[in-house]
Amino acid sequence: PRLQFANDDKHLLACCSLDGTLSIMTLSPPPPTVKVTLKGHAGPVTDFAWSLSNDVIVSTSKDGTLRIWNTEDGRCIREVVDPEGSELLCCTFQPMNNNLTV
């Protein structure tokens, strides 16, 4: 559902999938390769956003969770569960403070 280049980096690209994963790819040097696959959501990933420094990605899913990921090793740093169990459809970082996500 979403494909996005990293901030100020034309060689790093991420995409999310309905299978519950996110993939981070390096485009250079050729050929393009999958750098890391982020696995942990139990439902389709609906949205994600890069942090300003590109070292963290936040993602949302229809499984009712928001996850924060380390982009180097694919580790889930934090999981936030919606108290109502509602599907989460979008997310972003606050532009001036990567410690805040909505």
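Quick reminder: no glycine exception, Cβ is built from N, Cα and C everywhere.
DSSP places the residues of the repeat 'WD' (38-79) in helix, strand and coil in these numbers: 0 helix, 24 strand, 18 coil. Annotation comment: TrEMBL describes 38-79 as repeat 'WD'.
Here the repeat 'WD' (38-79) has a mean pLDDT of 96 out of 100.
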